[in-house]
Amino acid sequence: MEGSAAAMSICNGLRGVLHLADDSYGIEPSDSAPDQHLVYRLQDVTSEPRGCGTPHGDRHGHDDNATEHIKRAVLHQTHYVELLLVVDNDRYKYLNKNETAVRDEMVHLANFIDSIYQQLNVRVVLVGLEIWTQQNLISTDGGAEEVLSRFTQWRERDLVSRRRHDSAQLILKKTFGGTAGMAFVSTICSRSHGGGINAFINNNVPSFASIVAHELGHNLGMNHDDDRACSCETACIMNSGATGSRNFSRCSADDFEKMILLTGGSCLLNVPRPDEAYSAPYCGNRLVDMGEECDCGTQKECEEDPCCEYHTCRLKSGAQCASGECCYNCQYLPGGSVCRSSSDECDLPEFCNGSSSLCQSDVFIQNGHPCSLQAVCYNGKCQHYDGQCQAIFGSKAKAAPEICFKEVNSKGDRFGNCGYHNYGHKKCESRNALCGKLQCSNVQMATVFGIKPAIISTPIGGATCYGVDFMLGSDVTDPGMVNEGSRCGGDKVCMNFECSSVNVLNYDCDVEKKCHGHGVCNSNRNCHCEEGWAAPFCEVKGYGGSVDSGPTWNDKDTSVRDGVLVFFFLVLPLLALGAFVFLRRNELLRRVGLSRRKRSQGNHCVKDTLVLTDLLVMSLPVFRADGGASANPSRGPPRAQPPPVTRGNGNNFVKDWVSGCVSVCVYVRVCVCAYICVCVYICMCVYMYVCVCAYIYMCVCICVCVCVYMCVCVINISLFLKHTTQLLPPQQVKYSLCNTVILLLSSVILLQ
């Protein structure tokens with residue numbers, strides 16, 4: 001049926017959700033009769049109303065042409081969210097400390113979320129599950145914002161390094177008053193803020209899946225639909241209240257597209273590895289499972305896929321890959337191709353390795369490294385106040401004087417605070433004022449986020465301070481706060497709304513010692529070398545990059561090498577031959593004319609090969625039958641017309657012809673030796689990038705080979721010439737042939 005979808009599991013009974021065009025139904029085993037199942041409409045499930053208690057201000061509306069917006073907003077390229085779920089100790093105890101029950105419940109939850117997001121061409125894949133079986137690893141006391149801050153800090157410190165994922169969601173068996181959950185906005189690929197918290201207080205997994213999908217939507221850049229020109233057939237997932245809906249509005253689709261276009265969302269292009277997914281494998285689910293090379297989805301979808309076969313989930317003949325940032329036209333991109341460019345002076349690029357369709361893991365300059373405007377790097381961004389003001393108010397904005405921060409943030413209201421405390425705004429102490437609400441000057445009233453916030457201007461000491469409140473709701477962190485990692489004076493940075501010592505960033509990189517002054521340390525504490533220096537320690541010449549970034553050069557690109565070889569071994573010899581013919585054109589014409597006259601005089605026993613012989617020996621000494629040598633006729637005075645050659649002097653003709661060939665052989669082979677030596681040297685200089693010792697060693701080897709070759713050529717040609725001055729008796733013919741074979745073998749050895 002058009003517009004329908006289903007997510008089912010047969011683990012411990014049939015569980016799942018069936019989405020039809022107009023309604024959604026849940027299916028789960030009956031508690032009283034294990035062999036029976038309950039089928040119910042999701043909208044009939046009632047729960048305590050929860051959501052955002054903060055009123056919403058005016059927002060910019062959207063166009064009325066919904067169809068056009070959906071087509072534009074829902075990107076054609078499939079994006080993958082690698083989801084990691086963390087279950088707190090209270091939820092574990094609630095399920096009788098049964099890890100299997102918890103695992104099954106979370107797998108069902110992920111399946112429901114995935115079915116919801118497929119309408120946006122987004123696949124949600126559960127790649128990790130952590131259950132706190134002993135105790136909670138963070139304190140869950142306090143308000144939602146405090147718990148969210150603790151969870152994301154723990155995630156950055158402990159979880160990111162253990163399991164690759166895009167977003168981590170904490171599942172809690174507690175409530176935060178009327179707040180069902182909380183998350184950061186547009187932070188899906190963030191190392192420090194890519195997460196959210198969710199209150200799971202009942203057993204209805206399909207209904208709870210809507211809450212997690214809502215908070216995950218915030219990570220994906222979606223704002224609340226309240227008071228915007230957004231509509232759904234029933235309710236929308238991104239409404240501020242927990243509606244239990246499965247429908248995204250066109251506003252949510254637009255928000256997601258803007259996040260992709262503005263911030264990149266590069267991590268969403270990573271296809272999850274088959275061995276990491278918590279899902280039942282089958283061909284046709286558009287996920288590459290164990291034993292599959294690709295998965296293009298349904299038969300209709302596979303008809304448009306040039307790389308993957310529908311029934312087998314195998315690559316088509318000649319295809320190397322089917323998806324990924326390093327896959328283009330079913331082939332791996334060459335090593336050294338940029339697959340993730342740097343987005344900031346504190347970010348680092350990643351490159352394809354030439355043998356995989358996946359891009360390298362995202363890395364950036366180590367937190368705490370100095371950057372422009374006396375700021376420091378934090379999570380791939382140079383965190384300075386001017387840049388944060390420009391992100392909100394435009395390129396002309398800049399940070400307000402410090403007196404503005406101290407005066408406004410001491411109020412403890414929604415326009416000036418240091419976060420939440422006990423379900424209210426917290427006043428900033430004077431030493432922490434620079435870490436509260438961002439205060440700007442020289443602003444433009446129109447903001448760049450696409451959502452019109454409430455703006456307050458405060459005149460203080462001759463300056464006008466501007467602050468904002470986006471009124472996104474209590475489940476969303478305020479983007480108008482000062483970013484963590486911002487320098488708040490001296491050797492201090494903002495962290496959790498407090499001005500703390502810069503040592504909290506654990507920056508321990510001495511670039512002069514560790515990277516020899518030719519690089520910086522990345523987030524994995526490895527050197528990322530400048531162009532011209534080689535990893536891992538930037539102490540020898542190389543191509544730059546790090547052990548984490550992938551190769552920065554294309555080691556399989558042979559176009560330049562092939563061009564040089566073609567030029568030296570084909571083009572250059574042809575040019576030399578053409579130049580030789582041009583310079584000797586008069587002599588060649590004279591020789592050709594002489595040959596024609598001889599043939600016209602009746603010398604029918606001399607074949608056309610005589611012309612070739614004349615051409616070969618015209619610039620070389622000619623050996624007579626008596627062993628003497630005569631000068632080259634082209635270089636001496638004019639001589640009389642030679643008598644016609646007759647059948648009676650055939651032996652002399654053979655000896656002269658062989659002698660000429662041998663002379664040409666000596667000349668040609670000496671030239672070939674020098675020519676090959678020069679070509680090898682040039683090619684080595686172009687392509688060899690090795691140390692001096694290896695360079696000298698190769699030069700010596702080449703010189704020795706060429707010298708041996710030349711000696712063998714001279715010796716064998718001399719012996720050959722000696723024996724061809726006679727009529728070649730049988731015993732000498734064998735000896736001469738033996739030397740000739742040795743000569744040919746030496747040629748083959750050199751060419752090899």
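Each residue, glycine too, has its Cβ placed from N, Cα and C.
Just so it is clear, the model here is predicted, and its values are computed rather than measured.
Straight from TrEMBL, the features:
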ACT_SITE  Glu215  active site
BINDING   His214, His218, His224  Zn(2+) binding site
DISULFID  Cys339-Cys359  disulfide bond
DISULFID  Cys529-Cys538  disulfide bond
DOMAIN    79-272  domain 'Peptidase M12B'
DOMAIN    280-367  domain 'Disintegrin'
DOMAIN    505-539  domain 'EGF-like'
TRANSMEM  564-583  transmembrane segment
TRANSMEM  666-689  transmembrane segment
TRANSMEM  695-721  transmembrane segment
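All features noted in TrEMBL, drawn onto the structure.
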{"residue": "His214", "record": "Zn(2+) binding site", "DSSP (3 states)": "helix"}
{"residue": "His224", "record": "Zn(2+) binding site", "DSSP (3 states)": "coil"}
{"residue": "Cys339", "record": "disulfide bond", "DSSP (3 states)": "strand"}
{"residue": "Cys359", "record": "disulfide bond", "DSSP (3 states)": "coil"}
{"residue": "Cys529", "record": "disulfide bond", "DSSP (3 states)": "strand"}
{"residue": "Cys538", "record": "disulfide bond", "DSSP (3 states)": "coil"}
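Distance from the CA of His218 (Zn(2+) binding site) to the CA of Cys538 (disulfide bond) is 41 Å.
The shortest Cα-Cα distance between Cys529 (disulfide bond) and any of the recorded positions His214, Glu215, His218, His224 is the one to His218. Across the structure, His218 (Zn(2+) binding site) and Cys359 (disulfide bond) place their CA atoms 25 angstrom apart.
Other Cβ atoms within 10 Å of the Cβ of the residue listed as 'active site', summed over all protein chains shown, number 25. Take the CB of Cys538 (disulfide bond) and look out to 10 A: across all protein chains shown you find 24 other CB atoms. Model confidence over the domain 'EGF-like' (505-539) stands at 94, taken as the mean pLDDT rounded to a whole number. DSSP states for the domain 'Disintegrin' (280-367), grouped as helix (H, G, I), strand (E, B) and coil, give 4 helix, 14 strand, 70 coil.
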